[in-house]
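S.K.: Sharing the features that Swiss-Prot gives for it:
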- D306: active site (ACT_SITE)
- H61, H63, D153, D306: Zn(2+) 1 binding site (BINDING)
- H63, L64, R65, N95, N279, H310: substrate binding site (BINDING)
- D153, H180, H233: Zn(2+) 2 binding site (BINDING)
Amino acid sequence: MNLLIKGGRVIDPSQGIDANLDVLIADGVVLELGQGLAAPEGTPAIDASGLIVTPGLIDMHVHLRDPGLEYKEDIATGSRSAAAGGFTSVACMPNTSPVIDSKAIASYIINKAKSEALVNVFPIGCITKGGKGESLAEMGELKEAGCVAVSDDGKPVCNSELMRRALEYAKGIGIAVISHSEDLALVGEGVMNEGFVSTELGLKGIPWAAEDIAVAREVYLAEFAGAPVHIAHISTVGSARIIRNAKARGVKVTCETAPHYFTLTDEAVRGYETNAKMNPPLRSAADVEAMKAGLADGTIDAIATDHAPHHPDEKDVEFNVALNGIVGLETSLSLSLKLVEEGRLDLNQLVSLMSCTPAKILGLDRGTLKVGAVGDVTIIDPAKEWQVEAAKLESKSKNSPFLGWKMKGRAVYTVVKGQVVYQA
């Protein structure tokens, strides 16, 4: 597809570009960047004056629930939600039914995405067979099938020797390992952050140590193996400190956090609000500040949503039995732009966190507007105001703690391979 994007503020950290430029896409790839570009007659054009033009945003941690759990979400609805949030690519976690631990399931997702998805969908395979944490999955086959990473997300690989072998094997074949880091014995029957609020509500708590201990293990295993590891959804002061120190001594560790961890505290659980129930749980104000600081100083490499759709019947129940997780694809950019408005990040940092660096971690040929690159583009209006309403969310599920919130800033065009797949 051909497209001319005219006069926007192009921000592309992969090239060190922050300037008002035109972007010309031809046959789905970036043909030229410059001022006053001319396009062949009949080429569609977008006037991006006053708007921000970035490489397509990438969410490296989503749950599309397909196969097997399509009553919550499916590839079509999840991709519509992604497009509405400004994401041109998503990487989907393997805790489906059946799990993504075979070439057949990975191929199913890739083929279904080709016919139904508005955006690029990259599957993540399991670290272990069946996601059971007992023996390694066929990582080589998963990579050959198109998986961009492996993870047992939803639960940790508890066996340290098995995780060591996973890191070493993944290093050998060049695939990213994403760790869901928590000590299940410490988590116990906890359902929210352990602290004043959990005590007041009479709910069993999950201590910050459950995350910190598990993150420390992954760091030491990666250091020992000389292998990279990516830590999913960090949420604590300690996790950020451990990773910051590890990076300083050369450990190949990267990590992500989610918008809810730098926006909400465990106070959001008051009223037994199940849309504020997730894993890891919402933490304290000090933890929120640590996430903002980690994003600002480069300790945290990526912002990922952990988009986790659930049917109302799984959320409209007692807090103790409600399932963990929230939808996040359509609110992520607005919540992240708030950090720019607050002066905690600049736009170049934000684009790196939401596009360039996720692409690098997953080994994707995305996250850049270099000539010859795939023509995936997100066009953002930083001043556009909107309200989060369940009826207007594209996701099949509506389990968001941000319903009713007034937001500022959102994607107004999402472009995949030169084709506009979403327009606000």
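Any Cβ shown, glycine's included, is placed from N, Cα and C.
Computed from a predicted structure; not experimentally measured.
If you look at the structure here, what lies around each of the features I listed?
M.R.: Annotation for D306 (active site): same-chain Cβ neighbours under 8 Å, separated by at least 6 residues, are H61, V62, H63, A232, H233, A258, M278, G325, I326, G328.
Within 10 Å of the C-beta of H61 (Zn(2+) 1 binding site) there are 28 other C-beta atoms, taking all protein chains into account. DSSP gives H61 (Zn(2+) 1 binding site) a strand state.
Taking Cβ-Cβ distances under 8 Å and a sequence gap of 6 or more within the same chain, the neighbours of R65 (substrate binding site) are Y71, K72, E73, D74, G78, T96, P309.
All protein chains included, H180 (Zn(2+) 2 binding site) registers 23 other Cβ atoms within 10 Å of its own Cβ.
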S.K.: Using a 10 Å radius around its CB, how many other CB atoms surround D153 (Zn(2+) 1 binding site)?
M.R.: 22
S.K.: Using Cα coordinates, what distance in whole Å links N95 (substrate binding site) and D153 (Zn(2+) 1 binding site)?
M.R.: 7
S.K.: Tell me the Cα distance separating N279 (substrate binding site) from D153 (Zn(2+) 1 binding site), rounded to the nearest angstrom.
M.R.: 11
S.K.: Starting from the Zn(2+) 2 site formed by D153, H180, H233, give every other residue of that chain whose CB sits within 8 Å of the mean position of their CB atoms, in sequence order.
M.R.: H61, M93, S151, G154, I178, S179, S181, A232, D306
